[in-house]
């Protein structure tokens, strides 16, 4: 594992470090009033032999949060760090970001007409304290043709998304039913996240000073 740091402008006003380059996670935290500074961490994303999908995604979130917490300890301001990871799971098979068009199309066709699980783990850590939550959401897709899957890939939207689709974008048209947390499918379960932030006394919109 290697780590490096990168900061958003306005770090002095941040209340939380975010160990993620995901614009969706930044947007979701901003949605609930959390000001973040980004730390860039590089954590190997390789599922270990015998590791369940739930164990895998939680380990990645924890490792990212801890890598960020170690970097945070070297920064001028000592703040908790949030790490998160999202995977799509169908029949115990983990679908992460597609490698290329062939992989992306194959993912969509595997999900076509089926119910899959989106697992998002979120961890908040300092070097002294670590807490984590896991959100599991059932998502059911309608039938998708190969031609439609190819057309969707060529929009560019699915390339950087677990499972090869974005529920908050064009990919919403594939979703017939969702049971669980919509924001977890986007990238960060806000209910669970707020619970963690409260434990670290990170302000959200309900307790921001006027």
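Using the three backbone atoms N, Cα and C, a Cβ is placed for every residue, glycine included.
Because the structure is a prediction, the values reported are computed rather than measured.
If you check Swiss-Prot, you get these features:
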type: ACT_SITE; residues: 85; note: active site, proton acceptor
type: SITE; residues: 24; note: site 'Important for substrate specificity'
type: SITE; residues: 86; note: site 'Important for substrate specificity'
type: SITE; residues: 168; note: site 'Important for substrate specificity'
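Distribution of Swiss-Prot features across the structure.
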residue: 24; record: site 'Important for substrate specificity'; DSSP class: helix
residue: 85; record: active site, proton acceptor; DSSP class: strand
residue: 168; record: site 'Important for substrate specificity'; DSSP class: coil
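Residue 168 (site 'Important for substrate specificity') sits 9 Å from residue 24 (site 'Important for substrate specificity'), counting Cα to Cα.
Annotated pair residue 85 (active site, proton acceptor) and residue 24 (site 'Important for substrate specificity'), C-alpha to C-alpha distance, rounded: 12 Å. All protein chains considered, the CB of residue 85 (active site, proton acceptor) has 26 other CB atoms within 10 Å. With respect to their backbone Cα atoms, residue 86 (site 'Important for substrate specificity') and residue 24 (site 'Important for substrate specificity') stand 12 Å from each other.
Residues within less than 8 Å, Cβ to Cβ, of residue 24 (site 'Important for substrate specificity') and separated from it by at least 6 positions along the same chain comprise 168, 186, 187, 188. Note on the recorded sites 86, 168: the fewest other CB atoms within 10 A surround the CB of 168.
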